[in-house]
Structure formats: structure tokens, C-alpha cells
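Trainee: Pasting a structure here, questions to come.
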Amino acid sequence: MEKRSLYNNKLLPYLLLAPQLVITLVFFYWPASQAVWMSFRMEDAFGTTTEFVGLENYVSLFQQRAYYESMATTVIFSIAVTFLAMSFSLLLAVMADKQIRGGSVYRTLLIWPYAVAPAIAGVLWLFMFQPSLGMIGRGLISIGVPWNPMLNGDHALLLVILAAAWKQISYNFLFFLAGLQSIPKSLIEAAAIDGARPTRRFWTIVFPMLSPTTFFLLVVNIVYVFFDTFGIIDAITHGGPAKATETLVFKVYQDGRLGGDLGGSAAQSVVLMVIVIALTAIQFRYVERKVTY
Amino acid sequence: MAEVTLNDVRKVYAGGVEAVKGVSLDIPDGGFCVLVGPSGCGKSTLLRMVAGLETISSGQVAIGGRVVNEIEPAERDIAMVFQNYALYPHMSVYDNIAYGLRNRGTPKDEIDRRVQEAARILAIEPFLQRKPRALSGGQRQRVAMGRAIVRKPQVFLFDEPLSNLDAKLRVQMRVEIKKLQRALGVTSIYVTHDQVEAMTLSDKLVVMSGGQVEQVGTPTEVYRRPETRFVATFIGSPPMNILPGLVDGDGRVSVGGLTLAADDLPAGLEPGRHVDVGVRPEEVEVAPAGAPGAPFAIDFVEELGATELLHGTLGGSPFVLQVNTGAVSPGTKAVTLAIPSRCVHVFDAETGKRLGRAESATARAA
Amino acid sequence: MVERKHWFSTLLPHAILILGVLIVAFPVYVAFVGSSWDAGTIANGTMPMTPGPYLVENYSRVILSGNATAREPVGPMLFNSFVMAMIIALGKIAISIISAYAVVYFRFPLRKTAFWLIFITLMLPVEVRIYPTYKIVADLGLLDTYGGLAIPLIASATATLLFRQFFMTIPDELVEASKIDGAGPWKFFKDTVLPLSITTVAALFVIQFIYGWNQYLWPLLITTREDMQTIVIGIKKMLVTQDALTEWQLAMATAVLAMLPPVVVVLVMQKLFVRGLVETEK
């Protein structure tokens with residue numbers, strides 16, 4: 001869609017765009033292209049010059065066992081968080097969508113965790129599940145669970161998953177609720193007249209009608225787990241124990257911080273870029289479908 | 001105040017679509033010109049070119065003798081009333097009306113005087129401090145009018161200003177617009193797709209179709225003597241009946257075996273030529289029993305209150321007849337019609353152009 | 001709708017929602033309780049479920065003097081977070097609204113290119129270009145400055161798209177009426193577009209303020225001086241690997257303080273928040 005009536009100044013539009021474009025070019029495109037360029041180069045032994053090495057950085061990246069482990073961690077993490085946060089939020093949204101007393105109060109009480117920083121969410125959950133002093137951590141040990149996220153990688157990953165899912169409940173809840181409220185009441189009424197009981201109505205009418213929202217949230221949650229959980233991981237486990245909670249983004253950060261292999265770190269960044277592009281592309285296909293729906 | 005002249009004005013869009021195909025028009029100072037036609041006929045585009053909202057592909061638009069092709073809307077000294085009113089939603093009624101004057105640096109007290117005057121004329125004084133959303137459709141329409149008249153422009157442009165109102169209000173505002181225009185004497189161009197609005201408002205009626213002018217004239221001229229089949233069916237309600245026929249000799253046509261006399265049909269047309277014969281539903285009368293005429297078989301009746309529409313067949317073609325209620329007793333299946341020869345319009349079957357005598361309609365009327 | 005209701009089916013939604021609210025609130029409640037006890041009680045693992053007597057002491061300590069591990073008191077960290085969040089939120093809104101205005105209301109060479117350049121930044125989150133961006137900020141001498149904290153984050157494809165989408169809903173007739181009323185592009189922006197955009201701007205502000213306040217990775221990288229630290233980073237630094245040394249009561253007090261501003265913003269401006277969230281993602 002385009003506007004019918006326009007202004008035809010020559011210089012003004014460029015001036016209006018300049019601040020955004022300058023920042024974009026300096027802080028987005030230049031660094032991104034640097035990452036791509038660096039990923040094809042390698043430093044010499046003294047770290048003074050670099051030379052072109054083709055795909056060598058990528059080859060050695062994909063030969064690292066650690067990289068595959070990190071990828072597996074990220075995938076498990078994504079699936080668990082997405083499933084937990086989405087199913088629980090959908091349940092809450094369906095309940096809040098019923099015309100019950102105090103519906104808006106529940107909504108208010110459910111949405112505020114959106115405002116909690118991921119890193120702080122991590123700190124809160126660590127405080128509860130810390131094995132020696134955390135309220136729940138001690139509780140688990142007292143009933144005989146050998147709970148120790150500081151040493152046990154599975155426990156650490158579980159804790160990170162819980163914190164990340166907790167933080168995402170509000171977001172999913174809001175979108176599911178908005179999705180539910182946009183389903184025309186007349187459809188539900190027609191189904192009721194057609195003899196469908198509430199549970200059947202949910203699965204045959206409501207849930208299919210929600211599918212655009214569900215799909216959208218699926219992508220958003222995956223992107224969230226990939227990129228926005230850095231703070232949670234850094235606060236709770238620092239990627240440990242023994243790299244059990246090291247996601248791809250955390251690995252880029254960690255490897256880069258230790259310094260040295262600039263090319264390898266750049267190659268990791270490029271792989272991440274490809275993943276974001278793929279996820280965004282999927283999201284656009286969805287947006288497009290929604291537009292032409 | 002000024003006359004508006006359009007000289008072979010064309011609009012070709014970037015994609016090559018020709019929305020307006022060469023329109024020439026003279027609107028005298030103080031005249032009320034209505035552009036009417038179905039949607040997509042180019043009437044709005046033409047108006048927007050006069051406003052300066054669309055560029056002119058070729059030809060010239062002049063306001064008060066000044067060619068305005070390259071002049072910006074603000075400098076054309078025009079005011080426009082939009083279909084959706086285009087009121088600034090965040091400004092009060094007062095500010096909406098005053099905005100154009102403020103942008104032109106009119107002194108404050110002068111602005112206030114003019115806004116108050118416009119508000120008084122339009123009876124919107126009680127609402128001046130309200131926001132547009134707190135007004136009814138009719139009131140918004142008045143504010144849009146106020147915004148136009150406060151500027152005392154040379155030309156008013158109206159783009160379907162009444163089509164968002166309900167039927168009753170539309171009739172009322174129609175009358176008010178006409179009165180206001182008379183009182184102010186400002187040259188006006190008015191676009192509408194509603195032929196009743198077009199007939200009642202205009203002193204110069206322009207019927208458009210497919211980017212071209214079909215006919216220009218007073219409402220009566222256009223109604224009495226439509227120049228094309230398109231105009232004949234577009235102006236008038238219910239629309240003119242069109243029946244396929246043949247030329248049957250000087251001043252006569254035949255329609256499905258019936259022979260009709262047509263006053264306006266020129267002499268010397270070859271017999272057997274295909275024509276379209278037009279007859280207005282309201283100009284035909286039911287002949288007394290036994291009198292000669294055209295047999296009309298009635299299928300069903302639509303009652304409109306004072307009048308009735310009789311749907312049926314005449315000479316093998318569908319035909320509609322409008323009569324006063326009660327003129328035909330209920331249940332009647334067939335009547336004979338008297339079709340006056342001055343009411344028979346004949347159009348070329350291919351071009352749709354009127355086959356008429358050379359003398360002008362005005363001479364005929366006199 | 002007429003529907004037979006079992007007492008169970010009217011109670012069930014409330015039960016589930018209350019459970020949801022408890023799950024959502026519990027971690028924060030525990031943090032609050034933690035911030036009201038002394039180090040000893042917490043370290044023993046004997047902290048009860050109810051607030052203790054050390055509330056005032058703990059909060060005055062973190063606000064005024066900081067603790068042993070992060071020597072910066074929380075006051076300046078809150079200030080840093082506030083400044084960063086404000087620059088990010090206002091900066092994003094300002095540069096996005098004018099670029100969307102340019103893209104929607106003007107036709108000029110390279111318009112599409114400019115639009116796509118902005119659009120594609122959606123695919124380049126800071127996480128995928130951490131170190132090269134760090135290097136540029138360092139080269140520009142922006143490490144440990146508010147500019148360095150905020151400016152790289154204020155380019156915004158989502159805000160630009162949102163404003164573009166909103167501008168598309170402004171009827172064409174308003175521009176046309178403005179032109180006839182003698183308003184040029186700047187006057188139209190100031191007198192009509194901006195006032196009409198107020199709710200969009202406010203909704204966006206709520207979302208972007210929270211976004212800015214909660215930044216973690218970026219400030220972690222580019223702040224080295226302690227007086228430039230934001231509060232979210234500050235808390236992390238209070239956690240010591242050897243748990244015995246962590247002053248949990250102070251860390252929790254700081255966490256509560258760090259959560260307070262964005263949570264208050266969400267609760268007070270709930271309508272705008274919901275609108276902003278739902279619309280930026282559309």
C-alpha cells in the first residue's frame with residue numbers, strides 16, 4: 001500500500017532518514033560485515049597480521065565436539081522452554097478468557113514479570129534453588145533428591161529452563177489472550193448451537209483459529225531462548241557446570257572473551273546470523289500469510 | 001470568485017491507465033457544476049486535478065484566468081470538502097476551521113471573527129470547543145463546510161460530501177449546500193455518483209463515463225434530451241427502458257413488431273438499421289380500454305406509495321412502467337400503452353450516440 | 001450463552017488462575033523476603049516464609065553505601081540504568097518516527113533501499129555481532145559512556161515499522177486537507193502527525209524503556225568502570241562463586257530495587273504496555 005498524496009521535497013527525506021541510517025550502518029552493517037570478513041581470515045602466530053584462509057575457520061568449527069554439544073544444549077533448551085511457557089500460558093489465557101469475575105485483575109497479576117530483566121530472573125531462581133540455602137533447593141534435598149545445579153549439569157539446565165520459561169509466561173499469556181479475544185463470539189455460538197460441548201469447541205474451533213498466534217509465538221519463543229536468555233545463563237550457571245548450559249550465544253561470548261581465535265569466533269557469529277535470518281524469514285512468511293489471509 | 005476552465009485535461013497514471021481522457025469544460029463565475037458518473041469514471045480524479053492533489057498529465061486547468069497546473073493546492077485559492085470530511089481528529093472544531101487561516105498568517109482577531117461568522121451560518125456555534133469525534137455525522141459535515149467557507153476561496157470543491165450521511169440527512173444537507181452556495185456566490189465543482197443529488201444541485205451538469213464527458217448541460221436538458229444511451233440510463237430513476245429495434249422509415253422505429261413514432265429521429269436513415277429505443281418509465285401512459293397502442297404484459301408490481309412500478313414485457317423486451325397508484329387495478333395482466341412520439345429516444349445500436357435532429361434542444365424547448 | 005454450569009466448572013478457572021499468579025509471583029516474593037533478613041539466617045537455610053526485621057537496614061545499606069563486593073552503591077547504578085533506558089527509549093522513538101515519516105510521505109531515489117536497510121537490521125541482533133560492534137564503540141572512544149551504552153541500541157526496525165504502519169492508517173484526505181490549508185511537510189508533521197501519534201509513541205516508550213532498562217550483554221561488555229555500571233549488571237556482580245561470600249540479603253534488596261521501576265511502569269501504564277507489546281510484534 002502506498003500513500004496517494006505526498007510531499008515532493010528533495011532533501012528533507014534524506015535528512016529525516018540520516019540519523020537512523022548512520023547508526024544502522026556504523027553499528028549494524030559495518031560490524032556484521034566485519035564478522036563475515038573475519039570469519040574467512042586467520043591471525044598469524046604473532047597476532048599482528050591476518051591472512052585469507054577460505055572456509056578453514058568454519059571447517060574447524062564444525063569439527064569441534066564442543067560446538068555440537070552447545071548446539072544440542074541450545075536445541076533442548078529451546079524446545080523445553082517453548083513447550084513449558086507456551087502450554088502453561090495457553091492454559092492461563094483460556095481460563096482468563098472465560099467471562100469470570102475478576103478477569104482483569106488476573107491479567108494484571110500475570111503480565112508484570114515481562115518487566116523483569118532476564119538476568120534478574122536468573123538471580124531470583126538461583127536464590128530459590130540454591131542447594132545449601134535456597135528454600136526449594138533445601139526442600140528437595142530434605143526429601144531425598146540429590147539436587148545440586150552447581151555440580152550436576154542436568155540440574156543446572158533444568159534450573160535455567162525453569163527460569164527462562166517463567167520469564168516468558170507473561171508475554172505468551174498476553175498474546176494468547178489477545179488471540180482468543182479476537183475470535184468472533186458468533187463462531188463459538190454457532191458451534192454451541194451445532195451441539196459442540198466446551199472441550200470439543202476448544203479443540204475444533206478455538207485452537208485452530210489460534211494457530212496464527214501459536215505459530216508466531218513459537219518463533220518468538222525460539223528467538224527468545226537463542227538470544228535473550230544470555231542474562232539468565234550468565235547469572236545462574238555461567239555456562240557451567242562443565243559447559244552443560246552453554247548455548248550458542250553464550251559460547252560466542254565466552255570464546256571471544258577468552259580472546260585469541262578471532263576468526264573462529266567470527267565464524268560462530270556468522271552461523272548465528274544465518275540462524276536468525278532463517279527464523280526471521282519463517283516469521284515473515286507467517287506475517288505475509290496473515291496479511292493476505 | 002472566478003471562472004474555472006479545463007482545456008483538454010488528461011490524467012495518465014504511471015502504469016499507463018488513462019483515468020481522464022481529455023476533458024474540456026467552462027464553469028462560469030458563481031456557477032454550480034456537478035460531475036456525475038459511476039465509480040471509476042474519472043470524476044474524482046478530475047476534481048483532484050483542479051485541487052492540485054493530482055498532477056495534470058496534459059492539458060490546462062485555469063482558475064480565474066490563471067493557469068494553475070504547476071501551482072500548489074495551498075496557492076490555488078480553493079477549498080475542498082472531502083467525503084470523509086478529513087477533520088483533524090486531535091483539534092477542536094474551532095481549530096479545525098481556523099487552521100488554514102493560521103497557516104496563512106491571518107491576524108488573530110480576524111480569524112476569530114471569520115470562524116464565528118462561519119459557525120453562525122452553519123449553526124455549529126455550540127460545538128466550537130468540541131473534538132470532531134464528539135460530533136454526529138451531520139455536524140462533522142457542517143464543520144467541513146465551515147473549514148471551506150471561512151477561507152472565502154475562489155472555488156469550492158466537493159468530493160462526494162454527502163455520501164457518508166444517512167438518507168434523510170443527505171436530503172437536508174443537499175438543500176443547505178445549495179442555499180449556501182447561492183448566498184455566497186462562490187464557483188463550485190461538486191462530485192457525486194448520486195444522480196438525484198446531481199440533478200437538484202447543479203446548474204451545469206456534467207455526466208462522465210470511462211474518463212470522458214458524455215454530456216454537458218442543464219439538468220433539464222440532460223434529462224429531456226440525453227445525448228447517449230449511457231446518459232439516458234444513468235440520469236433518471238427508475239432508469240430509462242432500452243429496447244432493441246430497427247429503423248422503420250422516416251420518423252418511425254419498430255420494436256418487436258410494434259411500430260413507434262419518434263419525433264426527434266432524423267429523416268433519411270436507411271430502414272432496417274439497428275437502433276436502441278429509449279422510453280422513460282414515467283412518460284408513458286395507460287391508454288383507455290379499446291384505444292390503439294402498444295400491448296404491455298404485466299409480470300409483477302412494486303409499490304412505492306404514491307406511484308407503482310409495473311414490471312413486464314413490451315414488444316418482447318423487459319419493460320418498466322411507472323404509474324400513479326390505482327391507475328391500473330390490482331390483478332390486471334395486460335394493458336395497452338400510449339407512447340407519445342416526443343418521448344421516444346433513439347440511439348445508434350453500436351455507438352450508443354443519439355440519432356437526433358440537428359436543431360438544438362433549446363430551440364425545441366422554445 | 002445459556003450453559004448448564006457445574007460448581008466445579010465455575011471454580012476451576014479461578015483455581016488455575018490463582019495457581020498461575022502464585023507461580024508467577026513466588027520467586028519475587030521469596031526475593032522480597034530474602035531482602036528482609038540478615039546474612040546469617042539466609043546462609044543457614046533457615047529463612048522463613050515471612051518478612052524479617054532487617055528490611056530497612058538492608059535497603060538503606062544498598063542504596064547508600066553498597067556492599068563488600070560491588071563497592072558502588074545502588075543509587076548511582078539506578079541512575080545509570082535510568083539514563084540508559086531513557087536515551088534508548090526516546091532515541092529510538094525520535095529517529096524511528098522521522099524515518100518512517102520520510103518513507104511514507106515522500107518519494108525519492110533509494111527510498112526502497114533505505115527502507116530495506118532499516119528493515120534487515122531485524123536480522124542482526126547485537127548477540128551475533130558482539131565483538132565487532134564492541135571494537136567500533138571502542139574505536140570511537142565510547143567505552144564507559146552513556147553514548148556507548150545507548151546509541152548502538154537505538155536503531156530500530158520494529159519502531160520504524162510500527163510508525164510506518166500507523167502512518168498508513170492516517171487518511172490521505174488529512175494530508176490533502178493540510179496541503180489545501182497551506183501546511184508544508186514540517187507543519188503537517190508537527191500539527192497533525194505527531195499529535196495523532198501520541199498514543200503510539202507512549203506505548204512504544206513503555207516497551208522500549210523496559211527493553212533499555214533490562215539490557216545485560218551490551219552493558220556487560222562496554223562498561224569497565226564501576227561508576228558506569230547499570231543495576232542489572234550490578235546484581236550479577238554481587239553473586240560470588242563461593243556462595244558463602246555472597247551477601248544474599250543485599251543482592252535480593254538490589255534485585256527488588258532493579259525490578260521496581262520497569263514493573264511499576266508496566267502496572268501503571270498497563271493499557272499502553274499491552275498495546276505497545278501487541279502492536280510492535282504485529
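The backbone N, Cα and C atoms fix where each Cβ goes, and this holds for glycine too.
Feature table excerpt (TrEMBL):
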- C:78-269: domain 'ABC transmembrane type-1' (DOMAIN)
- C:12-32: transmembrane segment (TRANSMEM)
- C:82-106: transmembrane segment (TRANSMEM)
- C:113-134: transmembrane segment (TRANSMEM)
- C:146-167: transmembrane segment (TRANSMEM)
- C:188-211: transmembrane segment (TRANSMEM)
- C:248-269: transmembrane segment (TRANSMEM)
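Situate these features within the shown structure.
Mentor: Proximity of distant same-chain residues to the transmembrane segment (C:82-106), defined by a Cβ-Cβ separation under 8 Å and at least 6 residues beyond the stretch ends, is recorded for 114-115, 118, 146, 149-151, 153-156, 159-164, 167-168, 175, 185, 188-189, 193-194, 197, 201, 204-205, 208-213, 215, 219, 230, 261.
With a threshold of 8 Å between CB atoms, the same-chain residues lying at least 6 positions outside the transmembrane segment (C:188-211) that come near it are 85-86, 88-90, 92-93, 97, 101, 105, 156, 159, 162-163, 166-167, 170, 174-175, 178-179, 262, 265-266, 269, 272-273, 275-277, 279-280.
Remote same-chain residues near the transmembrane segment (C:248-269) are listed as 28, 31-32, 34-39, 42-43, 54, 58-59, 61-63, 67, 74, 78, 81-82, 202, 206, 209-210, 213-214, 231-232, 234-235, 238-239 (criterion: CB distance under 8 Å, separation of at least six residues from the stretch ends).
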Trainee: Would you mind listing the long-range same-chain contacts of the transmembrane segment (C:113-134), meaning Cβ under 8 Å and 6+ residues beyond its ends?
Mentor: 99, 102-103, 152-153, 155-158, 160-161, 217-218, 221-222
Trainee: Short question: which residues 6 or more past the ends of the transmembrane segment (C:146-167) have a Cβ under 8 Å from it?
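Mentor: For the transmembrane segment (C:146-167), the sequence-distant neighbours (Cβ-Cβ under 8 Å, at least 6 residues beyond its ends) are 80, 83-84, 87-88, 91-93, 95-97, 99-101, 103-105, 118-122, 126, 133, 137, 140, 193, 197, 200, 204, 208, 212, 215, 218-219, 222-223, 228, 230, 279-282.
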